[in-house]
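Below: one structure, written as structure tokens.
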């Protein structure tokens, strides 16, 4: 599972500033996710290839009434669902009673906690943080989040070693009891994602790996009904009330000779409507299920249309690089006029998702469900397809011939060669001169050209650009013996002319 890091502290100590610093390292989705109270934000971040989910919480006001009664509920939940806590204090304001109360609560929870003193810019850090040693939380890590000072050290010297040593151990569902099976599955996944050696890849076929399919969406859109329809049994509790599913449920299954692991998730609800503690915990599990899946099936209610919550969830899926199938449920019973209106709205709001298949189904009655797995397998096969360097380079040159790269600083951008940089999602790495200066419009053109040429559907494509290093940069040009003789003759000639 992806580790979860919570930022906790009093109001205005710089939690959101640090949150933006952390999530910006990977252009993560930084937004107030639906299903969460106003003071909690979730984002994705990365340290040297190690991904984690970061939670920004609202300020905690631990006054004379006690931290247990005054601590904001969303901050309490963030502490509980986190694997590690970054407790932030204000070095300029000094130690406050609320800091002491929060530290006491954190010690009682026995969570791994690192004390971070923010706003140390312009101060003698050692003197400014001396009072915070009384909190009894160990070493203090001074930073200036607004300027980025100390943030890299915090990541590399604190969080990264912790992530390397402590793998979050979470409760497994009944279907995950066979540890050997899951260990073997993880080893195979490493090969799918391009982490295997060349010898291992030669005898590995992605078709041997079960496809992990996550079914996600807002509450009461019919996710569990769809799961039961696919399985042909009442495997998941279904009741006409939002929030029936409380956790992500992993269900192995087989269809048409191919193995799948179905992940039925809890719904991501509109903020302000999440009241029960257990339901709030399920949101983070949904996000982790998306990270863990190969293909994500986003279920939308045809009666309600696509909402802002659907778009926010869609944004997280795209940032995760997961393959996508869009399912519009409860299609039965709608008049043709209403169906046309729904399709028109989908075209308008999902115009930027041109690679995902859209299915209109009725999970309750089963209409259209049988066609879903064609799109699921298509998306997975496209995301794990191996393409050699020669083919990618040929496609790149064809794209450049059809539409030349633009001029950058009066020089034509030169595309040299392309190769695969990873799978699931497919990554194409293009090498050349000034390629990083290409405008976004031409980058989109290349991405769409690769998609059409490789006939890729159901999965996003990522293109990375690399420029070759100049081998002579910073080096003095050494003259050949012949050039040295010519230089001596020229210097002698110039001296004679001066006389």
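Including glycine, each Cβ sits where the backbone N, Cα and C put it.
Copied over from Swiss-Prot, here are the features:
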BINDING   9-16, 56-60, 118-121  GTP 1 binding site
BINDING   217-224, 264-268, 329-332  GTP 2 binding site
DOMAIN    3-166  domain 'EngA-type G 1'
DOMAIN    211-384  domain 'EngA-type G 2'
DOMAIN    385-469  domain 'KH-like'
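Overlay of Swiss-Prot feature records on the structure.
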| residue | record | Cβ within 10 Å |
| --- | --- | --- |
| 12 | GTP 1 binding site | 12 |
| 15 | GTP 1 binding site | 27 |
| 57 | GTP 1 binding site | 27 |
| 60 | GTP 1 binding site | 25 |
| 120 | GTP 1 binding site | 23 |
| 217 | GTP 2 binding site | 25 |
| 220 | GTP 2 binding site | 18 |
| 223 | GTP 2 binding site | 28 |
| 265 | GTP 2 binding site | 27 |
| 331 | GTP 2 binding site | 20 |
- Task: Let me know the DSSP-derived helix, strand or coil state of residue 57 (GTP 1 binding site), please.
- Result: coil
- Item | Alpha-carbon distance [residue 223 (GTP 2 binding site); residue 120 (GTP 1 binding site)] in Å | 49
- Which one is it: of the binding-site residues 223, 265, 331, whose Cα lies the shortest distance from the Cα of residue 12 (GTP 1 binding site)? 265
- Note on the structure: Nearest to residue 265 (GTP 2 binding site) by C-alpha distance, among the binding-site residues 9, 15, 57, 60, is 57
- What three-state class does DSSP give residue 9 (GTP 1 binding site)? strand
- Message: Averaging the per-residue pLDDT over the domain 'KH-like' (385-469), what integer do you get?
- Response: 90
- Message: Nearest of the binding-site residues to residue 60 (GTP 1 binding site) by CA-CA distance, picking from 220, 223, 331?
- Response: 220
- How big is the Cα-to-Cα gap, in Å, between residue 15 (GTP 1 binding site) and residue 217 (GTP 2 binding site)? 29
